[in-house]
């Protein structure tokens, strides 16, 4: 009994931490600027389902194993209501969590392996529609769970007994639904899809890692998001393998929890599987915080400004953060830029010399080198040129002087009005 209480206390600690983390993740992913991405819509839904799963784990897995009961009858009465009403809802949340993980894996596969179709296939509206389909399907699939137990006073004093869950009375339900259909819907289909998609994503990311320097900032951000979600998927697969194996073992050996030889080991494995399920749902926010820069930035913004801040406040906050980071980088790089500007004038002339003559523009060539090349062709014509007359030289000199005077002093033109009275002097200035 002490080991069960220790396990219950460990589960309670993980549940409380997970409730805080998933509630924080739900607030972050439900912000307006975060809902613009399809994967953030799915992560918001996953945070909600994990939060619900952890909350329901307290009355199902923690409270029955604590030393809180005066007698067995009170515990039996409590378990009757839990198994009849609360446990089926917990299974619905678990089904939703499994298929939300499948949708996240498929979204990453499209983003990495089919980038041209990502804007058509992966939109926030389609993600919301997929979440709605998952919720309805999980409710319909697990609705029959409400009839696995029924309220009845047994010979031992318990207020419930197995009904559809009893393999002796309802063998078809136990083999068909509880065993085969559960294996197909909760293990074979989701884990096969996730293994196939994640394999393709890992191969594609290995190819992209070779050309990492050629990636844009947006592509690098998508790659870090993919790494984060791959880790979430792997943790999900590891933590849900033992519950699946235990469920299959119970279907093969119906007396696994009743036989005295296997009862202790079966209950210990059952508590361990519950701990792994809770651990998976309670630690996802740690992975988000570790690998997502936007998650950390939004978390700091909410802690500083509260949950009621607007989108414009967030945009101003991110703009100020980018400006501060650019200012820091500019201070370190300013000296390098100034040194480079000093060397640019000298390097520009050396660059001209490195070019072949036929690739140089005439404006880039040195005047001496240009004159040397042209004088070779003009030398024969200079010998036959007639000398200029002195009058031509004098005219050219006077023309240059008049041009200089024309540029230096503006010309003033005075026009006289034609309506001046007769007899007055033709003067441009009249007394007032």
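Quick reminder: no glycine exception, Cβ is built from N, Cα and C everywhere.
Summarising the annotation, Swiss-Prot assigns region 'Disordered' to 328-349 (among others).
Positions annotated as region 'Disordered' by Swiss-Prot: 388-411 (among others).
For the topological domain 'Extracellular' (1-8), the DSSP counts in helix, strand and coil order read 7 helix, 0 strand, 1 coil. The topological domain 'Extracellular' annotation in Swiss-Prot covers 1-8 (among others), and the record cites a curator's inference as its basis.
Same-chain residues lying 6+ beyond the ends of the topological domain 'Cytoplasmic' (30-42) with a Cβ under 8 Å from its Cβ atoms: 100, 103-104, 107-108, 111, 122-124, 126-128, 130-131, 225, 229, 294, 298, 311, 314-315. Feature annotation from Swiss-Prot assigns topological domain 'Cytoplasmic' to 30-42 (among others).
Below 8 angstroms of C-beta separation, residues 1, 4-5, 7-8, 146, 148-151, 157-160, 271 of the same chain, each at least six residues beyond the ends of the topological domain 'Extracellular' (64-84), sit close to that stretch. Per Swiss-Prot, the feature topological domain 'Extracellular' maps to 64-84 (among others).
Restricting the average to the topological domain 'Cytoplasmic' (106-128) gives a pLDDT of 89. Residues or ranges marked as topological domain 'Cytoplasmic' by Swiss-Prot: 106-128 (among others).
Per Swiss-Prot, topological domain 'Extracellular' is recorded for 150-176 (among others), and the stated evidence type is a curator's inference. Nonlocal intrachain contacts for the topological domain 'Extracellular' (150-176), taken as residues 6+ away from its ends with a CB within less than 8 angstroms of a stretch CB, comprise 72-73, 76-77, 79-80, 83-84, 144, 251, 254.
The topological domain 'Cytoplasmic' annotation in Swiss-Prot covers 198-225 (among others), and the record cites a curator's inference as its basis.
As annotated by Swiss-Prot, topological domain 'Extracellular' applies to 247-271 (among others), with the evidence given as a curator's inference.
As annotated by Swiss-Prot, topological domain 'Cytoplasmic' applies to 293-432 (among others).
Sequence-remote contacts of a segment are chain residues at least 6 beyond its ends whose Cβ falls under 8 Å from one of its Cβ atoms, and for the transmembrane segment (9-29) they are 35, 40-41, 43-44, 47-48, 50-51, 54-55, 57-58, 61-62, 274-275, 278-279, 281-286, 288, 295, 298-299, 302, 307. Taken from Swiss-Prot, the feature transmembrane segment covers 9-29 (among others), and the record attributes it to sequence analysis.
Under the heading transmembrane segment, Swiss-Prot lists 43-63 (among others), citing sequence analysis as support. Residues of the same chain lying 6 or more positions beyond the ends of the transmembrane segment (43-63) and with a Cβ under 8 Å from any Cβ of it are 8, 11-12, 15, 18-19, 22-23, 25-26, 29-30, 34-35, 78, 82, 86-87, 89-90, 93-94, 96-97, 100-101, 104, 131, 271, 274, 277-278, 281-282, 284-285, 288.
The transmembrane segment feature in Swiss-Prot is assigned to 85-105 (among others). With a cut-off of 8 Å between Cβ atoms, the residues of this chain six or more beyond the transmembrane segment (85-105) that come close are 39, 42-43, 45-46, 49-50, 52-53, 56-57, 59-60, 127, 130-131, 134-135, 137-139, 141-143, 145-146, 148, 185-186, 190, 193-194, 197-198, 229, 232-233, 236, 240, 277, 281.
Annotated transmembrane segment per Swiss-Prot: 129-149 (among others), in sequence order, evidence recorded as sequence analysis.
Swiss-Prot lists 177-197 (among others) with the feature transmembrane segment.
Taken from Swiss-Prot, the feature transmembrane segment applies to 226-246 (among others). Here the transmembrane segment (226-246) has Cβ contacts under 8 Å with residues 39, 98, 101, 104-105, 108, 111-112, 183, 186-187, 191, 194, 198, 201-202, 205, 266, 269-270, 272-274, 276-277, 279-280, 283-284, 287-288, 290-292 of the same chain, all six or more residues outside its ends.
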Per the Cβ filter (under 8 Å) with a sequence gap of at least 6 from its ends, the transmembrane segment (272-292) is approached by 7, 10-11, 14-15, 17-19, 21-22, 24-25, 43, 46-47, 50, 53-54, 57, 61, 94, 97, 224-225, 227-228, 231-232, 235-236, 238-240, 242-243, 246, 299
Under 8 Å Cβ-Cβ from the topological domain 'Extracellular' (247-271), and at least six residues away from its ends along the same chain, one finds 3-4, 7, 61, 65, 167, 174-175, 178-179, 182-183
Sequence-remote contacts (6 or more beyond its ends) of the topological domain 'Cytoplasmic' (106-128), Cβ cut-off under 8 Å?
-> 35-39, 41-42, 193, 197-198, 200-201, 204-205, 222-223, 225-226, 229-230
Could you give me the DSSP helix, strand and coil counts for the topological domain 'Extracellular' (64-84)?
-> 15 helix, 0 strand, 6 coil
